[in-house]
Amino acid sequence: MTPDVQATPHASLHDAVNLADIEALGRAALDRNALEYYASGANDEHTLRENRAAFTRARLRPRVLVDVSGVDTGTSVLGLPLSSPIGIAPSAFHGLAHPDAERATARAAHARDSVMTLSTFSNTPIETVGADAQGRFWFQLYLLRDRDLSRSILDRAHAAGARALVFTVDAPFLGRREANERHRFALPAHLGAPNVASRDTLAQVETDRGSQLANYFRDLADKTFTWRDLDWLRGQTPLPIILKGILTAEDAVLAAEHGCHVWVSNHGGRQLDTAISSFEALPEIVDAVAGRTEIYLDGGITRGTDVLKAVALGARAVFLGRAALWGLAAGGQTGVERTLELLQDEVRLAMALCGATRVEDLTPALVRL
Ligand SMILES: Cc1cc2nc3c(=O)[nH]c(=O)nc-3n(C[C@H](O)[C@H](O)[C@H](O)COP(=O)(O)O)c2cc1C
Ligand SMILES: O=C(O)C(=O)c1ccccc1
């Protein structure tokens, strides 16, 4: 490789031309504890890599001689208008990336007419993030063994203006992120999980063996919940419910039968290693749901063509996990905004080069798997 085509580390966000540049900046800003927490997948990280590889393998079938002088990337999710089919996936502990933490992410989602999903395990209370997001947020729930606490979290999310409940169903236990075990990942003492526990509670979790997070979550999470209990959950909130972590047609059908929307995800390769990539799981799920629910997807999105392919195959929108975290680490609110902007620009250009002027023009004929 000649030196002039090698990726050069960029001095500033302003010079970043793509999400890989922002990732390099974000990584450089993090210490080992945070970097390993964000970057890791489970075990050998096959699924982590496969999420990206699946998008690369799929090829586009562009149409030509279409008037593309005006391309509109706009769409909506559950009636909320978005500037493009790109939202932000829930991730815990934004305070590891930037002092403004979830407030920066929420403000960026609002500024870009996007939508942020706030994790149960945020470093910032739901109410504060709700005010910053100004209605552009969904709330992600981990069901806790303490049902009263779960219920009060749900009430708070609704009162704070969340538009939907994203119920994560792929993590009764945390997958084993081995770097976090080896180096005993721990939340720094100045950060807490205020939606769930006081700082004291977290600080009491043992850190002398393995990942503090894994130890903490093992005690907290409800592992008994089944399809039958969904009716209970439905009774606890007036919000639409989205099941996050669906990878099969069978479970997508059950979700639809229970009146839930579907979020196709393998948790960014952090749970069951060698699970199918989310992109490869999408077609059978779209087929099985047959228009009954909205379908979202996350996992490995770094390029406008990734967004295009997922939407063409039936995703209503896609969500950014690590890409948003790299932006946050690289430059707080500005970094997340720049990430969303660069990706939206890539979507617009790719649509034009595919002969598509509206999101509705993106159909399965555009993709050869
Ligand atoms: C550091 C980190 C923390 C995460 N925390 C949560 C969480 O609290 N709740 C949740 O449902 N998913 C969580 N996820 C999974 C993301 O919502 C999403 O499924 C995944 O990151 C998408 O893949 P990507 O990172 O390749 O975009 C987390 C992911 C990462 C990388
Ligand atoms: O790290 C994660 O992927 C995650 O989902 C999680 C689960 C519990 C607490 C914090 C984050």
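Even glycines carry a Cβ here, placed using N, Cα and C.
Cross-referencing Thr168, Thr224, Thr302 with the FMN binding residues that TrEMBL gives (Pro90, Ser91, Ala92, Ser119, Gln140, Lys244, Ser265, Gly321, Arg322) picks out Thr168. The Cβ of Lys244 (FMN binding site) has 26 other Cβ atoms within 10 Å, all protein chains considered. When the record's glyoxylate-binding residues Tyr37, Tyr142, Arg177, His267, Arg270 are compared pairwise by CA position, the greatest distance found is 19 Å. Cβ neighbours of Ala92 (FMN binding site) (same chain, under 8 Å, six or more residues apart in sequence): Ser119, Thr120, Phe121, Ser122, Ala193, Leu213. The FMN site in the record is lined by Pro90, Ser91, Ala92, Ser119, Gln140, Thr168, Lys244, Ser265, Gly321, Arg322, and its two most distant CA atoms lie 17 Å apart. Closest by Cα distance to Gln140 (FMN binding site), from the binding-site residues Tyr37, Arg177, His267, Arg270, is His267.
Of Tyr37, Tyr142, Arg177, His267, Arg270, all annotated as binding-site residues, the residue with the shortest Cα distance to Lys244 (FMN binding site) is His267.
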